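Undergrad: If you scroll down you'll find the structure; I have some questions about it.
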Amino acid sequence: MMPMLLLAMAAMLCAAAMVLLRGGAQARMRARVQGAGAVAVPPAAASPRVPSIRVAPRGGNPMLRRVFRLVSYHPENPAEHTIPWMVVLAAGVVAGLLGSWRASAYLGTSLGSMVGAVIGALAIRSMFLWQHRRYTNALFRQLPDTLGVIVRGVRAGLPMTEALRSIAREMPSPTREAFGRVVGEIAIGRSAETALWSLYERTRLPEYAFFSVMIGLQAQTGGSLTVALDTLADMVRKRVAMRSRARALAAEARMSALILAILPFVAGLGLSFLQPGYLEIFFSTPSGQGLLMTALTLLGMGLLTIRWLIRKNTSE
């Protein structure tokens, strides 16, 4: 029981540190953006404070929010969760129990419990991350069409809020639902740049951050909104094309990783046919089972590392 508590405390401390670091960087970036085009107002000319009807930031239990961040769960964005969270949690518990059961036979109960807890947490995080990436990739692929609709609406004389409403009506899912929420926030008092920044915080797509900054600066400093939107749309189209090309170039690395993963099993199967019983020691003795588990673990870690490197280089 004590190792489990220590593991949970260490995980919470790591999550808290990550949240604090990311939160500080985001706050500094937001402050620079808001102050980029701000005009200083003398104290005497400042208007008196009046009650605001804008949406206040959501509160909640800070510890619970940190746990959500640790497992990459986003309750504020239910559209990305195609698998119910209870199913994900149950799958993680099952994976943790299986991992603990197998690891306890070689490492003892205490270390086996720690390994099972880590496996369960990683399984939950992996499933939530998979759903989040699939959702954001769909949004990213629809970005050029989204900005195209906005540009055409602004050129036709529509205000920005009406152009955003046309996105919520005309675009396919998931962009339709995402901008429907943006339009709803604008309707109850939020500014367009604040609502778009909230969309960026939910999806972590930098293009939405660019869009929010552009709207805010244009509202503060003036200028042609159509020209700014054309520039942003051209940049987004180039980014989408570049990412698609990077994924195509990374297909060779993915195929190499797949071949490297399959090759040991093919070789083992061939040895079993050529000389039956040659690999029996890996299944019938404790030391052989330990070696087999170690080999599978190292193989899995290598594949995950290759996948992480490919994703990191194709997403930037």
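The backbone N, Cα and C atoms fix where each Cβ goes, and this holds for glycine too.
Annotated transmembrane segment per TrEMBL: 82-99, 111-130, 257-278, 290-310, in sequence order. According to TrEMBL, the feature domain 'Type II secretion system protein GspF' maps to 150-267.
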Undergrad: Which residues of the same chain, at least 6 past either end of the transmembrane segment (82-99), have a Cβ under 8 Å from a Cβ in it?
TA: 73, 115-121, 123-124, 127-128, 131, 134
Undergrad: Counting by DSSP, what is the helix, strand and coil composition of the domain 'Type II secretion system protein GspF' (150-267)?
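TA: For that range the per-state counts are 100 helix, 0 strand, 18 coil.
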Undergrad: Need one number: mean pLDDT over the domain 'Type II secretion system protein GspF' (150-267).
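TA: Per the prediction, mean pLDDT sits at 87 for the domain 'Type II secretion system protein GspF' (150-267).
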